[in-house]
Amino acid sequence: MLRLSLPPNVSMGFRLVTLVALLFTHVDHITADTEAETGGNETTECTGSYYCKKGVILPIWEPQDPSFGDKIARATVYFVAMVYMFLGVSIIADRFMSSIEVITSQEKEITIKKPNGETTKTTVRIWNETVSNLTLMALGSSAPEILLSVIEVCGHNFTAGDLGPSTIVGSAAFNMFIIIALCVYVVPDGETRKIKHLRVFFVTAAWSIFAYTWLYIILSVSSPGVVEVWEGLLTFFFFPICVVFAWVADRRLLFYKYVYKRYRAGKQRGMIIEHEGDRPASKTEIEMDGKVVNSHVDNFLDGALVLEVDERDQDDEEARREMARILKELKQKHPDKEIEQLIELANYQVLSQQQKSRAFYRIQATRLMTGAGNILKRHAADQARKAVSMHEVNMDVVENDPVSKVFFEQGTYQCLENCGTVALTIIRRGGDLTNTVFVDFRTEDGTANAGSDYEFTEGTVIFKPGETQKEIRVGIIDDDIFEEDENFLVHLSNVRVSSEVSEDGILDSNHVSAIACLGSPNTATITIFDDDHAGIFTFEEPVTHVSESIGIMEVKVLRTSGARGNVIIPYKTIEGTARGGGEDFEDTCGELEFQNDEIVKTISVKVIDDEEYEKNKTFFIEIGEPRLVEMSEKKALLLNELGGFTLTEGKKMYGQPVFRKVHARDHPIPSTVISISEEYDDKQPLTSKEEEERRIAEMGRPILGEHTKLEVIIEESYEFKSTVDKLIKKTNLALVVGTNSWREQFIEAITVSAGEDDDDDECGEEKLPSCFDYVMHFLTVFWKVLFAFVPPTEYWNGWACFIVSILMIGLLTAFIGDLASHFGCTIGLKDSVTAVVFVALGTSVPDTFASKVAATQDQYADASIGNVTGSNAVNVFLGIGVAWSIAAIYHAANGEQFKVSPGTLAFSVTLFTIFAFINVGVLLYRRRPEIGGELGGPRTAKLLTSSLFVLLWLLYIFFSSLEAYCHIKGF
């Protein structure tokens with residue numbers, strides 16, 4: 001009889017660990033029974049067996065009865081090989097989870113038809129979050145355990161084994177007790193993490209406990225020792241039933257079924273938002289796959305699409321504001337960086353802060369363990385390098401263009417009628433600058449005519465070696481006739497290149513090569529403004545759109561059809577849907593003064609930036625009647641411009657002094673004011689000559705043009721909106737964890753990256769790899785390169801990677817099952833004990849790290865512990881349900897019964913179920929205000945909870961081992 005005597009002051013934990021160690025030591029001294037017919041590691045015996053049976057893949061290591069030294073060597077080889085296989089499974093599971101992340105991120109486009117007939121296109125996620133967590137996510141994290149159970153049964157002539165089922169139960173115990181204990185402890189003191197979707201947690205926790213209760217029922221109550229076909233199939237069919245129940249809880253269908261639901265387009269990423277309310281008079285229709293469907297059709301969108309509740313809409317709005325804030329801060333902090341680089345920096349910060357899926361944390365944990373680096377930092381650094389390299393490539397393309405391009409510096413030129421000549425600049429860019437380039441030019445009439453408005457000009461411009469810019473001039477003819485603005489064209493043509501030029505500068509026709517062409521623009525438009533009229537004043541267009549982030553907007557007021565004299569034109573802003581006074585814009589009013597020959601002035605208005613993602617408000621800018629302010633005394637009389645004037649020093653008009661009319665804003669010295677009156681006009685009528693002069697003067701008076709009132713539409717910032725939209729598209733974790741090509745996968749496989757999980761660095765810059773990173777990389781580089789052959793997640797929307805990865809996991813799991821069984825029989829451990837302790841621990845290590853990272857980084861506890869319960873239920877329904885259904889059907893077809901010994905498994909299941917009730921009860925109690933959440937809390941509460949959960953796991957291992965070796969009676 002095994003006895004344990006320890007001093008009374010030794011802790012309970014130490015007692016348990018010592019007892020387990022003595023138990024395993026005692027096992028080695030038990031005399032092994034001879035190999036039974038069913039195999040070497042017989043489960044019905046109370047002792048382990050040193051006689052190994054042939055595995056599914058691995059043969060028996062002969063001889064069967066080695067010496068003690070050989071036994072230690074064999075056990076070491078099996079153990080190291082098993083650990084190495086666990087590393088391989090972790091890495092291929094990384095690829096598997098990447099494919100799942102890509103698959104569950106797929107979106108579908110739908111069209112919403114509004115009551116007014118307008119349609120809006122938007123996208124929704126195809127996979128419901130809860131459904132994906134219970135199906136693909138759970139399958140991804142538990143694939144080794146599930147496949148081990150199936151492979152063990154199918155590989156041993158459809159007979160029941162201990163390794164697969166015990167691994168599932170042992171893994172469930174490790175997940176429920178050790179992983180949750182770690183998550184509770186790693187949250188910083190004073191902080192808490194709550195489960196957000198508590199309804200889903202209740203459902204999955206209930207199903208998890210029911211799953212193991214059901215195992216006990218079919219093993220010990222319904223048909224003791226026999227698994228019938230209906231029991232196996234029902235176990236499997238509990239899986240979709242569990243998924244449906246969790247989905248119903250997530251969608252709140254059982255209660256909300258009686259509340260009318262309306263759907264509207266959310267402002268964020270085009271998500272569809274569901275909320276309760278009264279039934280509207282008009283129907284909103286939704287079009288899916290080309291068909292328009294009424295939005296209130298019963299259960300239309302439930303389940304087929306992901307409908308986000310109003311809370312999600314609010315979260316999305318906050319996310320947009322947060323993106324805008326991050327972009328502005330980064331722009332101020334890094335003013336020298338390109339916009340693409342700023343987007344990548346913002347992308348890293350947003351990805352670091354957003355809630356992530358279980359798949360992401362699993363991938364992150366595996367890559368940190370194997371020296372593949374922090375996935376977010378690596379992605380940010382890669383994208384930043386791509387942005388810089390693309391910018392450099394574009395610059396190189398321009399600078400290293402082998403073809404010489406010749407073009408005008410600008411496509412439009414303006415000049416006054418009295419300017420004499422207008423200068424046009426021709427640019428040469430690219431190609432070999434040591435060559436000589438020739439280009440012809442020629443003027444062409446538009447509304448202006450050669451000979452009367454401008455001088456016809458043609459010729460050839462020669463760019464000598466090294467020259468990149470030339471200037472040509474065209475003469476402008478002035479007259480005293482009032483005319484509309486006119487234009488003419490100048491064309492470039494016939495570009496040719498020569499490497500040799502004669503002494504006279506003439507092209508040597510024997511050395512012409514076609515390595516030059518015309519660039520854009522190759523035609524220039526020259527507009528001639530008449531200077532014989534005071535001008536017509538107008539805005540460029542009746543409506544203009546401005547971004548709210550413009551700050552100070554500038555609006556041009558054009559002076560066309562003349563530019564003679566000084567003219568004042570008043571302006572003011574008028575409210576529309578946009579409000580002045582600093583709410584949407586600053587009220588502005590004043591006067592513009594056009595000097596003689598000045599043809600354009602600008603009005604400045606300050607626009608207030610509200611940082612709104614969507615905006616459409618209007619106000620108006622209006623110009624008033626223009627006033628001629630400088631004229632001769634005679635012209636003032638002709639135009640009836642009477643009143644006070646001041647003499648303008650140094651100005652003459654046709655030999656006569658020029659006077660400036662006094663306005664309210666002027667404050668001249670009273671003694672300088674001259675009064676011009678029409679007293680002489682009252683005495684005698686105007687002569688015909690004076691009448692003609694008055695008519696001409698009236699024709700030259702400044703007037704308003706077509707657009708005197710400009711409508712200004714303030715919209716959201718185009719650059720800001722496009723940047724945020726681009727950032728939103730980039731903040732898709734599927735883009736981070738997915739791969740696009742085999743080349744990318746192989747580069748990633750042979751690259752060592754820093755494994756520090758430090759997400760506080762806002763720039764996401766990669767650090768140098770540590771010694772541990774290099775060691776883990778070289779230990780796992782074989783697996784990394786091997787699994788780089790798996791199809792990238794880009795193919796078939798992730799399904800190609802999904803299928804190949806699960807096949808590879810199945811193959812490695814078969815090896816793990818054989819290695820674990822051979823390791824156990826080599827040292828005399830039963831399969832059930834080996835599975836509960838070693839295999840369950842090995843398959844759960846990546847999940848442990850993933851949950852630890854999720855607990856510290858996520859805002860909620862769902863990603864760290866919320867999926868543990870669902871995963872445990874899925875393990876039973878898929879792992880045991882599929883395996884036992886296949887075996888039961890096989891034996892039933894042969895007229896036999898599928899026998900399963902209820903002893904060890906039933907005892908472990910019962911023990912786990914009791915402890916699971918305690919675990920869930922403690923977690924729910926921790927939601928009370930004094931602690932505040934399932935994870936974290938005050939240090940004392942954390943230590944007590946974590947210690948309790950670890951103690952439950954040790955007790956589970958201890959009692960399961962005692963029962964397996966018949967030290968206590970099971971079922």
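Heads up, the Cβ atoms here are built off N, Cα and C, so glycines get one too.
Feature annotation from Swiss-Prot assigns transmembrane segment to 72-92, 134-154, 168-188, 202-222, 229-249, 799-819, 823-843, 873-893, 905-925, 943-963. Residues annotated as region 'Putative calmodulin-binding region' in Swiss-Prot, with similarity to another entry given as evidence: 251-270. The phosphoserine annotation in Swiss-Prot covers SER282, SER389 and rests on similarity to another entry. Under the heading Ca(2+) 3 binding site, Swiss-Prot lists GLU417, ASP479, ILE481, GLU483, ASP530, ASP532. Among the features that Swiss-Prot reports, domain 'Calx-beta 2' is placed at 524-624. What Swiss-Prot lists as Ca(2+) 5 binding site is GLU548, ASP610, GLU612, GLU716.
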Task: Maximum Cβ pairs under 8 Å to the transmembrane segment (905-925) - stretch from the list 72-92, 134-154, 168-188, 229-249, 799-819 - done: 168-188
Open item on the list: Using a 10 Å radius around each Cβ and all protein chains in view, which of these binding-site residues has the most neighbours: GLU417, ASP530?
Closed with: GLU417
Open item on the list: Let me make sure I understand the structure: which of the binding-site residues listed (ASP479, GLU548) has the fewest other Cβ atoms within 10 A of its Cβ?
Closed with: ASP479
TODO: Rank 799-819, 823-843, 873-893, 943-963 by Cβ pairs under 8 Å to the transmembrane segment (202-222) and hand me the top one.
DONE: 873-893
Open item on the list: What does the DSSP secondary structure composition of the domain 'Calx-beta 2' (524-624) look like, as residue counts for helix, strand and coil?
Closed with: 3 helix, 56 strand, 42 coil
- [ ] Could you measure between ASP530 (Ca(2+) 3 binding site) and GLU716 (Ca(2+) 5 binding site) for me? Cα positions, answer in whole angstrom.
- [x] 40
Open item on the list: Please report the distance from the Cα of ASP479 (Ca(2+) 3 binding site) to the Cα of GLU716 (Ca(2+) 5 binding site), rounded to the nearest angstrom.
Closed with: 48
TODO: Could you state the whole-number distance in Å separating the C-alpha atoms of GLU417 (Ca(2+) 3 binding site) and GLU716 (Ca(2+) 5 binding site)?
DONE: 42
- [ ] Would you kindly check 72-92, 134-154, 168-188, 873-893 and say which stretch has the most C-beta pairs under 8 angstroms to the transmembrane segment (943-963)?
- [x] 168-188
- [ ] May I ask which of the stretches 72-92, 134-154, 168-188, 873-893 has the most CB pairs under 8 A with the transmembrane segment (229-249)?
- [x] 873-893
Task: Integer mean pLDDT for the region 'Putative calmodulin-binding region' (251-270) - done: 46
Task: Other CB atoms, at most 10 A from the CB of GLU716 (Ca(2+) 5 binding site) - done: 20
